[in-house]
Amino acid sequence: MSWDQVWIDINIATMSPNISEPYGAIRDAALAVKDGKIAWIGKRCDLPEFDVLATPIYKGKNGWLTPGLIDAHTHLVFAGNRANEFELRLQGASYEEIARNGGGIISTVNACREADEAELFELGRQRLNALAKEGVTTVEIKSGYGLDIETELKILRVARELGKHHHVDVKTTFLGAHAIPPEYKNDSDAYVDLVINEMLPQVIAENLADAVDVFCENIAFSLAQTERVLTAAKNAGLDIKLHAEQLSNLGGSEMAAKLGAKSVDHIEYLDEDGVKALSESGTCATLLPGAFYFLRETQLPPIELLRQYKVPMVVASDYNPGSSPLCSSLLMLNMACTLMRLTPEEALAGMTRNAAKALGIEAEVGVLETGMTADFCLWNISTPAELSYTYGVGSCIEVVKNGRLVHQ
């Protein structure tokens, strides 16, 4: 056998549903890489003969390999911060009250409109580095802090550039319908027209987005407006997803599922009809425990119903300056378990296999199987549950991305 690298003295949490063991585990395992792909994986005792003198061999010291982590929902490119709003919330103001008084998303919009691409790139690079240190190898980045053509395109260009200059893969999402800008305060339909007829065509022309998202909520866009944007995006050949049922139940998840959305995100107020719709369409349910925690919410997503109907649950950071300024995917694993009562295995699946499905890249990454991209992390842990159980100990030792070793 001729391989580019071989990993031994490891255990592997493949996260493959085809292996009955928890985490799809293979103990005392080995893994071989060739041309950026996993060429062989299995028990070490079954490892075929290969040229040990010509092949780099990496010893994992009985640690665990997992798929590279995938953060499938972030707003990572932004300027400014909203620490003052944090203080207001602790004094009793609600997220909705702050938004209705010109704070919230709009304050970040103003900062992003003033920032240039170089500033946004450097801020984004620092945040991407922080996630990468925790084993994240793929990140989704949304726009939505421009709310005008120039700034929305600027944010998406920066996100694309980050993907070109960093080992972390970046998937971009156009979220022009994130909030109603002040200049359209009294005519939100006209702003929706702008998103559909002017912003979206330019985003497509520059190939700046892999998907389109909308914030469907009483303080943002109505169900009818949301459907218009998602339908236009779908007709243009883009994937669609939705911020839905975070503060109330408008039926956005059902509508998005019928349109074939990859995911619906937040979903604290999702009901059983909505869960059924997700199950029937194969749409993922993205849980955002950081926002749930930071906003001190009490309405939990319907975890038991999602289990009952076998809806793939995704766990993501929702990293943003207002409702989840928490740039840590490992912290999200812990919060998903402690706050939302996921099992550690469900949480890890939510940042690997299911997160890949939510981004439409499940044929490439998210599980460790022969033929998949060699995209994995080595952790200094004795069981995969430690990734959710403990936090802050720096247990990610090495990362391999596209078959290339990325030194920590």
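Note that Cβ sites are derived from N, Cα and C of the backbone, with glycine treated the same way.
Record check, Swiss-Prot: Fe(3+) site residues include His73, His75, His243, and the candidate from Asp169, Asp318 also listed there is Asp318.
Annotated 4-imidazolone-5-propanoate-binding residues in Swiss-Prot are Arg82, His178, Gln246, Ser323, and among Tyr23, Tyr145, Tyr389 the one listed with them is Tyr145. Spatial neighbours are here defined as Cα atoms within 10 angstroms of one another, and by that definition the neighbours of Asn320 (N-formimidoyl-L-glutamate binding site) among the binding-site residues His75, His178, His243, Gln246 are His75.
Considering other CB atoms within 10 Å as the measure, the emptiest surroundings among the binding-site residues His73, Arg82, His178, His243 are those of Arg82. Sequence-distant neighbours of Tyr145 (4-imidazolone-5-propanoate binding site) (same chain, 6+ residues apart, CB-CB distance under 8 A): His75, Val77, Phe78, Ile105, Thr108, Val109, Ala111, Cys112, Thr151, Ile155, His178. Taking His73, Arg82, His243, Gln246 as the binding-site residues under consideration, the smallest Cα distance to Gly322 (N-formimidoyl-L-glutamate binding site) is found for Arg82.
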